[in-house]
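What Swiss-Prot annotates here:
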{"type": "BINDING", "residues": "Asp34, Asp86, Glu158, Glu160", "note": "Mg(2+) 1 binding site"}
{"type": "BINDING", "residues": "Arg47, Arg70, Glu158, Gly231, Asp233", "note": "DNA binding site"}
{"type": "BINDING", "residues": "Asp179, Asp181, Asp233", "note": "Mg(2+) 2 binding site"}
{"type": "REGION", "residues": "1-104", "note": "region 'N-domain'"}
{"type": "REGION", "residues": "122-253", "note": "region 'I-domain'"}
{"type": "REGION", "residues": "336-344", "note": "region 'Interaction with PCNA'"}
{"type": "REGION", "residues": "350-382", "note": "region 'Disordered'"}
Amino acid sequence: MGIHGLAKLIADVAPAAIKEHDIKSYFGRKVAVDASMCIYQFLIAVRQDGNTLQNEEGETTSHLMGMFYRTIRMVEHGIKPVYVFDGKPPQMKSGELAKRSERRAEAEKLLEAAEEAGEVENIEKFTKRLVKVTKQHNEECKKLLTLMGIPYVDAPCEAEATCAALVKAGKVYAAATEDMDALTFGTPVLLRHLTASEAKKLPIQEFHLNRVIQDIGITHEQFVDLCILLGSDYCETIRGIGPKRAIDLIRQHKTIDEIIDNIDLKKYPVPENWLHKEAKHLFLEPEVVDTDITELKWIEPDEEGLVAFMCGEKQFSEDRIRNGAKKLAKNRQGSTQGRLDDFFKVTGSVSSTKRKEAESKGSAKKKAKTGGTPAGKFKRGK
């Protein structure tokens with residue numbers, strides 16, 4: 001779910017923090033991709049006659065087709081993706097997960113009614129609401145990525161938190177996910193729509209955290225409190241406080257505790273046993289991989305292994321899989337070229353104008369070769 005209404009709020013109050021780019025702008029970039037979010041998208045979008053793709057045994061293959069072709073698209077544009085898989089959800093998410101189970105149960109009832117009535121549109125709508133990423137989906141995608149030569153990371157907890165940690169450590173340029181809470185976890189750069197269908201023609205949205213908090217006029221800790229007031233996966237919100245009111249209150253009172261001390265509690269009742277402090281700690285000190293020992297390696301694809309798995313087991317077209325493997329191998333060589341800005345360590349907030357100037361100068365010269373991205377120190381909670 002992420003953070004309720006955060007993208008719209010940033011667009012309204014800090015529009016300069018959002019840039020829109022074409023996928024070609026990310027040549028030479030390493031990006032941490034939220035795997036579970038991608039797989040969910042593929043299960044929803046990659047369909048035939050309203051149903052997920054399946055092999056002859058009735059096994060779902062939509063996630064594999066989506067992962068294979070979207071990854072190739074990124075690699076063809078010089079992007080080096082690393083997929084990050086969710087680990088065990090935090091205990092504080094149990095309430096949100098219970099709500100999702102209830103919504104699925106309700107969708108099952110509505111689907112039955114739609115099937116009895118023969119309502120085609122409703123059948124498709126409620127079928128999509130039942131989509132859930134399973135352990136098998138994850139394991140099959142990991143196997144596919146290994147054969148493609150693409151690295152992946154198993155997060156100990158939330159994938160978005162580990163994506164953010166990889167960005168802060170200088171291992172990758174950005175976190176790619178539709179969940180806005182990657183910003184709350186502290187990723188300096190968030191990309192949305194990177195793995196969206198090409199047919200949708202959606203520009204990639206690039207959010208810069210430093211510019212968000214600078215333009216709103218708050219600190220990162222206050223931004224986390226703001227996100228908690230907007231609504232997250234980890235605790236309830238104060239009913240009656242919308243986005244505009246939340247910003248005004250944070251600017252005026254600085255912390256949620258001070259807000260509680262100063263608002264009319266009859267008008268704005270605070271949830272009983274409200275876990276906002278625990279939620280804040282989870283955002284500021286999340287459980288993530290040790291980035292100091294995390295190595296990301298992009299290697300040659302295993303064409304024969306891909307054919308055995310995708311064609312032998314999953315019954316995809318051999319010609320298409322071999323063609324895809326050759327594209328991976330070809331573009332892997334091309335993407336070893338680096339970006340000019342990889343040679344410079346950026347400190348603090350960089351304006352989009354300066355970054356564009358640097359990139360335009362770099363594109364006019366012969367691209368330099370580099371052995372990787374500069375490694376930075378990762379500090380939890382920043």
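One is the number of the first residue shown, and numbering goes on along the chain from there.
Just so it is clear, glycine is given a Cβ too, placed from its N, Cα and C backbone atoms.
On a predicted model such as this, the values are computed, not experimentally measured, just so you know.
Where Swiss-Prot records a feature, it is marked here on the structure.
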| residue | record | DSSP (3 states) |
| --- | --- | --- |
| Asp34 | Mg(2+) 1 binding site | strand |
| Arg70 | DNA binding site | helix |
| Asp86 | Mg(2+) 1 binding site | coil |
| Glu158 | Mg(2+) 1 binding site | coil |
| Asp179 | Mg(2+) 2 binding site | coil |
| Gly231 | DNA binding site | coil |
Summary of DSSP states over the region 'I-domain' (122-253), given as helix, strand and coil counts: 69 helix, 15 strand, 48 coil
Alpha-carbon spacing, Glu160 (Mg(2+) 1 binding site) to Asp181 (Mg(2+) 2 binding site), which is rounded to whole Å: 7
Euclidean distance between Cα atoms of Glu158 (Mg(2+) 1 binding site) and Asp233 (DNA binding site), Å: 11
Neighbour tally for Asp34 (Mg(2+) 1 binding site), based on other Cβ positions within 10 Å of its Cβ: 27
Among Glu160, Asp181, Asp233, which are binding-site residues, the residue with the most C-beta atoms within 10 angstroms of its C-beta: Glu160
Spatial neighbours of Asp179 (Mg(2+) 2 binding site) among the binding-site residues Asp34, Arg70, Asp86, Glu158, Gly231 [C-alpha, 10 Å]: Asp34
Tertiary neighbours of Asp86 (Mg(2+) 1 binding site) (same chain, Cβ under 8 Å, six or more apart): Ala35, Ser36, Ala155, Cys157, Glu158, Ala159
Beyond the site residues Asp34, Asp86, Glu158, Glu160: chain residues whose C-beta lies within 8 Å of the centroid, for Mg(2+) 1: Ser36, Met37, Val84, Ala155, Ala159, Ala161, Thr162, Cys163, Thr177, Asp179, Ala182
Binding-site residues: Glu158, Asp179 - member with fewest neighbouring CB atoms within 10 Å: Asp179
Pairwise CA distance, Arg70 (DNA binding site) versus Asp34 (Mg(2+) 1 binding site), rounded so that it is a whole Å: 13
Distance, Gly231 (DNA binding site) to Asp181 (Mg(2+) 2 binding site) (CA atoms, angstrom): 10
Cα distance (Å, whole number) from Asp34 (Mg(2+) 1 binding site) to Gly231 (DNA binding site): 21
